[in-house]
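What Swiss-Prot says about this one:
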- 38-75: region 'Disordered' (REGION)
- 44-62: compositional bias 'Low complexity' (COMPBIAS)
- 156-220: zinc finger (ZN_FING)
- Cys178, Cys181, Cys212, Cys215: Zn(2+) binding site (BINDING)
- 242-276: region 'Disordered' (REGION)
- Ser259: phosphoserine (MOD_RES)
Amino acid sequence: MTTVHQLSGHGPLSRLNIYSGASPYTQRVRPSYELIEAPTRQATNGTGSVSGSPNSSSNSTPANQGSLPSHTNPQLYSSITRKERPELFRSYSGNPRLSKPYASSKLAASSRTASYQAMSYSVSPTSTNSSVATSLNYQSSRETGISKDHWKPDSDVSVCSFPSCSVRFGLFDRRHHCRRCGDIFCALHCDRNIPLTMDVKFCLAGSLYRSCVSCFYEYLKWKQSIDLASSNDITVIESTIAPQQATTHPPSQPKNAVSVPIPKMDSTDSKGELPSESLVLGTVPDNWVWSTF
């Protein structure tokens, strides 16, 4: 015979514990919220029915004695709704239909975590690492395509080719080729950058390549000559434009101006007084009214 006892739990919920009549303390099954129902509701199982109060056992048959009611009947948990006891449905994980919203929320949370991780991976590294990576990419990109046929083999040189340098190449002092002359130098005498074309010629718009000190000074002389030639061209252009402007645009004079001759001084005058005509100097307009007094 199966008996159902209602016990008050320690938590906020009261659950029904089911015990077998033959062994009331050893055959304890997992409590299920599907068996919670109102005191006046009738519960049915897979083989029989239980009517009246929960403690009534008058209609039980020998076929279902010692067996547990079925937990898959959907009518057993229809008395309690989600609005009345939401905590029951929140804590219940056996029914996939009830736990679907919470599973989707967990899935959304996991997707957000994955997106945050992807964002953290996509963030650029520190300034030092980024500068190193940029310099390496720039070095590799600018080294592609330049001619290396004129480079001297490493086995031919064991000392720096700079005249006053005696550094011997080894484990700590490495060989460095000048991209223009192709000779081998130490790191100190091959640390300059000059713009070159693909056929290792000077070009102001070319890419920067490693060069030795001698080639760097040759580049400075070449650039100085280019600047001097450009400045001379500008001077020649200005000198040719100025006379053309002078001939095409002579100095302007007043429209209504009349030139009046200035009489010369008479050498016979002892006192050096000027004649009366000399009082009129410069130019006089046409509409000038002369006084008759």
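Start at 1 and count along the chain as shown; that gives each residue its number.
Quick reminder: no glycine exception, Cβ is built from N, Cα and C everywhere.
What you see is a predicted model, and the numbers here were worked out from it, not measured in a lab.
Each residue in Arg179, Arg180, Gly182, Asp183, Phe185, Cys190, Ser211, Val213, Ser214, Phe216 lies on the same chain as Cys178, Cys181, Cys212, Cys215 and has a C-beta within 8 Å of the C-beta centroid of that Zn(2+) site, without being one of the site residues. The Cβ of Cys215 (Zn(2+) binding site) has Cys178, Arg180, Cys181, Arg192, Ile194 as same-chain neighbours under 8 Å, each 6 or more residues away in sequence. Residues in the zinc finger (156-220) partition by DSSP class (helix H, G, I; strand E, B; coil) as 9 helix, 17 strand, 39 coil. The average pLDDT for the zinc finger (156-220) in the predicted structure is 92.
With the fewest other Cβ atoms inside 10 Å of its Cβ, the least crowded of the binding-site residues Cys178, Cys181, Cys212 in this structure is Cys181.
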